[in-house]
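Engineer: Got a structure for you, written out below as structure tokens; questions coming shortly.
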Amino acid sequence: MVHFTAEEKAAITSTWKLVDVEDAGAEALGRLLVVYPWTQRFFDSFGNLSSSSAIMGNPKVKAHGKKVLTAFGDAVKNVDDLKNTFAHLSELHCDRLHVDPENFKLLGNVLVIVLAKYFGKEFTPQVQSAWQKLVAGVATALAHKYH
């Protein structure tokens, strides 16, 4: 279990309320698919993923990115219970989708980069550290069913 200090929780919640879930989610998932092209195999039904412009403009990537980032909203609300919060998604990604759990870490790291881009100087080392801790906790929770 990951323990968050009051300061870390405040850093996460204060930035999260400013995040455009649709825009940031699309960018995070799109960047994951561009930078780590082997992750595209989990998205065969998404159509054209042949180039970075095709990926970033793909409506299915945008829609799923929003869905993914909406789930991160659940993490923000439940930082003290990530394992139970993501139990269903862990089971889905393990049993049905067969997603390599390492990909959860990759997506988390990409999300932190996207957030840093959006917040600029406001994304202080303390804020970044809190978010890194959260995305690592989410990745661990999503990988739980694999163990």
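Along the chain as shown, residues are numbered 1 onward.
Cβ coordinates are placed from backbone N, Cα and C, and glycine is handled just like the others.
The following feature annotations were taken from Swiss-Prot:
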{"type": "BINDING", "residues": "H64, H93", "note": "heme b binding site"}
{"type": "DOMAIN", "residues": "3-147", "note": "domain 'Globin'"}
Engineer: Using Cβ atoms only, which residues of the same chain lie under 8 Å from H64 (heme b binding site) while being at least 6 residues apart in sequence?
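Structural biologist: Residues satisfying the criterion: L29, F43, F46.
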Engineer: Looking only at the domain 'Globin' (3-147), what is the model's average confidence as pLDDT?
Structural biologist: 88
Engineer: Which numbers of helix, strand and coil residues does DSSP report for the domain 'Globin' (3-147)?
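Structural biologist: Helix/strand/coil tally for the domain 'Globin' (3-147): 120 helix, 0 strand, 25 coil.
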